[in-house]
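Taken straight from TrEMBL:
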type: ACT_SITE; residues: Cys328; note: active site, proton donor
type: BINDING; residues: Gly218, Tyr356; note: pyridoxal 5'-phosphate binding site
type: BINDING; residues: Arg298, Tyr302, Glu329, Tyr356; note: substrate binding site
type: DOMAIN; residues: 18-354; note: domain 'Orn/DAP/Arg decarboxylase 2 C-terminal'
type: DOMAIN; residues: 24-266; note: domain 'Orn/DAP/Arg decarboxylase 2 N-terminal'
type: MOD_RES; residues: Lys49; note: N6-(pyridoxal phosphate)lysine
Amino acid sequence: MTNEHLLAVAKEHGSPVYVYDSEKIIAQYNRLSNAFKKVKRVKLNYAVKALSNIAILKLINSLGAGLDTVSIQEVQLGLKAGVKPEDIIFTPNGVSLQEIEEVSALGVQINIDNLSILEQFGSKHPNTPVCIRINPHVLAGGNSKISVGHIDSKFGISIHQIPHILRIVENTNMTINGIHMHTGSDILDVEVFLYASEILFETASNFKDLDFIDFGSGFKVPYKEGDIETNIEEFGEKLTKRFNAFCKEYGKELTLGFEPGKFLVSEAGYFLAKVNVVKQTTSTVFAGIDSGFNHLIRPMFYNSHHEIVNVSNPDGRERFYSVVGYICETDTFATNRRISEITEGDIIAFKNAGAYCFSMASNYNSRYRPAEVLWYNGEAHLIRKRETFEDLTKNQVDVDLFSEVTESA
Ligand SMILES: *Cc1c(COP(=O)(O)O)cnc(C)c1O
């Protein structure tokens, strides 16, 4: 998408607004599948939590991907989008047995990540094959909030507890049809991935009824020019060799699975906001926009970097700005950022706004959540309306208890 396209979307749909470029999503999907084209059976399950608009789920499903889900609501969104239950995997952490049973009853593949639920589920439903999530204890991930494979992590069953898993499987007569890991987000190093994969292969050889091995996700995408990213092509080449060799050893053509979230949608997204105020202080120039961490929390929550472009004036003289929101708390998107000269009323675009942006938006400060637009075949399609005052009040119960008190006072 060009700056003109983005500006046109903001004109048509107002600000703030999220825009997703379907071409980029398709390109990323093709890149990942091409990297593994020499594996006979590959299944990419898109991690819904990154961006869960039904139009996005439909688009990605139309490319051949299934879905990776973490709540029954995400499963229901997937089904509503027309995704077949057998193309959905449920990989929750810390949810109740009841929720897992409800999802399983929908025909969705269950992935269990603790011994207690494994034993309970296996005892009650020995004929339902389940996948197990292993914690390979590999420290990976861009920061401590998104590293989920280390020794103290709450995710997955420790590889040191494999004998315990095998005992449960034997006692309950359940079938393990998949082995899974997901060690974190923003993993740079292909070697770290491959190392964790070896642990997964070793684990897999303990289970005789496997259909698939799921390597999770966590591919690093670039956030700015010159940024490092996971070398998917190199990774594909190396893991393909290992995977095909393992299938030979195992004696069966297994399916190789991934669950990319960020990789598919991060770079496809733009968040457009309008500059309400340019405020010059003695040391800084603030650009105050018509949004805040209620709409885009990643800079404050994860220290994430989002490139910012002034799409109203992309080629002006560059100046330094601190870009801040309208929330009544410190609400800084970027400090001392070089941006083409900003005039009040300009539309600025935050890049990499596809993954974990709208899906983490809230109504804090009683603001409406933004609209979402899908750019497809050179046209803008509204895929979520901006909220209205009714959305803020529709679940509030007006109890009307205080009128008497006021009268007698
Ligand atoms: C969040 C999550 C993913 C997606 O991670 P990305 O870094 O967005 O690719 C994949 N698998 C599981 C189990 C997850 O929880």
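Placed from the backbone N, Cα and C atoms, the Cβ positions cover glycine too.
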Most Cβ neighbours inside 10 Å, all chains, among the recorded positions Lys49, Arg298: Arg298
Sequence-ordered recorded positions from Gly218, Arg298, Tyr302, Cys328 with Cβ under 6 Å of an atom of ligand 1: Gly218
Using Cα positions only, nearest of the recorded positions to Arg298 (substrate binding site) (Lys49, Gly218, Cys328, Tyr356): Tyr356
Pairwise CA distance, Glu329 (substrate binding site) versus Tyr356 (pyridoxal 5'-phosphate binding site), rounded so that it is a whole Å: 21
Cα-proximity to Lys49 (N6-(pyridoxal phosphate)lysine), 10 Å cut-off, over recorded positions Gly218, Tyr302, Cys328, Tyr356: Tyr356
Assigned element (helix, strand, coil) containing Arg298 (substrate binding site), judged by DSSP: helix
Other CB atoms within 10 A, centred on Glu329 (substrate binding site): 10
Between the residue listed as 'active site, proton donor' and Gly218 (pyridoxal 5'-phosphate binding site): CA-CA distance (Å): 33
